[in-house]
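Peer 1: Quick one: structure below, then a few questions.
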Amino acid sequence: MAPNLRKSHPLLKMVNDSLIDLPTPSNISTWWNFGSLLGLCLMTQILTGLLLAMHYTADTTLAFSSVAHTCRNVQYGWLIRNLHANGASFFFICIYLHIGRGFYYGSYLYKETWNTGVILLLTLMATAFVGYVLPWGQMSFWGATVITNLFSAIPYIGQTLVEWAWGGFSVDNPTLTRFFALHFLLPFMIAGLTLIHLTFLHETGSNNPLGVSSNCDKIPFHPYFSTKDLLGFLLMIAPLLTLAMFSPNLLGDPENFTPANPLVTPPHIKPEWYFLFAYAILRSIPNKLGGVLALAASVLILFLAPFLHKSKQRTMTFRPLSQLLFWILVANLLILTWVGSQPVEHPFIIIGQIASLTYFTILLILFPLTSALENKMLNY
């Protein structure tokens, strides 16, 4: 009998072991679709980004015009740009849902997989930030100025660090050039990290909604989950195309239709919607260094998830109190997102401060306490 090429060829063997003959728990739900959706997002973003880079000029005098030229004169340039801009939003929707799933079902107990995932999130955030600066509109320029300026809060080396990042004494041509270089490079770094993420995942196999070992009931990834993923792809591509074609500027800021002007500050400087929760936490502390530390902590706190797990059960499936707390946390994040988009005035200031405090309290104090209480209740 001839050898099966899929199982013997050095390259195809790797593909086979991770996409075809991969033993998968039979009971994983649609919440497990987001990993492959993130892969699809990454491929879409790299493809559209590459096509956009072919028509982009990384120069302060030409960047804004080159983007306008792409939209007006390049075949389907408007569509490529709209897919790329809104694709970023879908990327973040998917990654936030993916993290939420991991948090709910205790997937963070696969420490290496979880930690590489958090590093992936940080890299994605950096990529989105530098990418937002490239069209060189008002919000691009002022967003870059405000966020890079945060590094000056670092004692002793802060100011030097900021000027080194800027390549001068303000956000200018060198900044734009290096941001373009970084925006081109980072997605490939994300692709590399994704392979590491998957390597660690395939060491242990997937978690499942029950949080118990599924070794006794595994099914091949193909055709079962390849088909299920394909449905997921369709369900994500449909709204993405709808948004890109019918309402491409819905999630953008109108300020970015004005070319960057260092002499005019926009009335409300705010990032894209997917950074608003962190921006609200940053603003809720009336001290520069304190705000920066809280901003960093709001994302880096994910690294602590495995250490804050005190429950005897892995998932929240059979833990009603933790479930309640989880959904309060989700609501709290939505409130933070909303507050981040509002001006800095009463009552938004106090709402933001309460929501920020609640965010850290739930994660650091209430989750471990609730888990301990649930453990106690199991003994009765």
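Note: Cβ is positioned from N, Cα and C throughout, glycine not excepted.
What you see is a predicted model, and the numbers here were worked out from it, not measured in a lab.
I grabbed these lines from Swiss-Prot:
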type     : residues      : note
TRANSMEM : 34-54         : transmembrane segment
TRANSMEM : 78-99         : transmembrane segment
BINDING  : His84, His183 : heme b b562 binding site
BINDING  : His98, His197 : heme b b566 binding site
TRANSMEM : 114-134       : transmembrane segment
TRANSMEM : 179-199       : transmembrane segment
BINDING  : His202        : ubiquinone binding site
TRANSMEM : 227-247       : transmembrane segment
TRANSMEM : 289-309       : transmembrane segment
TRANSMEM : 321-341       : transmembrane segment
TRANSMEM : 348-368       : transmembrane segment
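Could you place these features in context, so I can see how deep they sit and what lies close by?
Peer 2: Below 8 angstroms of C-beta separation, residues 70, 80-81, 83-84, 87-88, 90-91, 94-95, 97-98, 101, 183-184, 187-188, 190-191, 194, 229, 232-233, 236-237 of the same chain, each at least six residues beyond the ends of the transmembrane segment (34-54), sit close to that stretch.
Only residues 6 or more beyond the boundaries of the transmembrane segment (78-99), in the same chain, are considered here, and those with a CB under 8 A from a CB of the stretch are 31, 34-35, 37-38, 41-42, 44-45, 48-49, 51-52, 67, 70-72, 117, 120-121, 124, 128, 131, 236, 239-241, 243-245, 248, 251-252, 272-274, 302.
Taking the Cβ of His84 (heme b b562 binding site) as centre and 10 Å as the limit, one finds 20 other Cβ atoms among all the protein chains shown.
A 10 Å cutoff on Cβ-Cβ distances gives His98 (heme b b566 binding site) a total of 21 other Cβ atoms nearby, all chains included.
Annotation for His202 (ubiquinone binding site): spatial neighbours Asp17, Ser18, Leu22, criterion Cβ-Cβ under 8 Å with sequence separation of six or more.
Note on the transmembrane segment (227-247): residues 30, 33-34, 36-37, 40-41, 79, 82-83, 85-87, 89-90, 94 of its chain, located 6 or more positions outside it, place their CB under 8 angstroms from a CB of the stretch.
If you look at the transmembrane segment (321-341), the same-chain residues 6 or more away from its ends with a CB under 8 A from one of its CBs are 100, 103-104, 270-271, 273, 275-281, 283, 311, 348, 351-352, 355-356, 358-359, 362-363, 366-367, 370-371, 373-374.
Within the chain carrying the transmembrane segment (348-368), a Cβ under 8 angstroms from the stretch's Cβ atoms is held by residues 280-281, 283-285, 294, 297-298, 301, 304, 308, 310, 322, 325, 328-329, 332-333, 335-336, 339-340, 342, all 6 or more beyond its ends.
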Peer 1: Any idea what the Cα distance is from His98 (heme b b566 binding site) over to His84 (heme b b562 binding site), rounded to a whole Å?
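Peer 2: Rounded to the nearest whole number, the Cα-Cα distance is 21 Å.
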Peer 1: Including all protein chains displayed, how many Cβ atoms other than that of His197 (heme b b566 binding site) lie within 10 Å of its Cβ?
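Peer 2: Here the count is 21.
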Peer 1: Distance between His183 (heme b b562 binding site) and His197 (heme b b566 binding site) at the Cα atoms, whole Å?
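Peer 2: That comes out at 21 Å between the alpha carbons.
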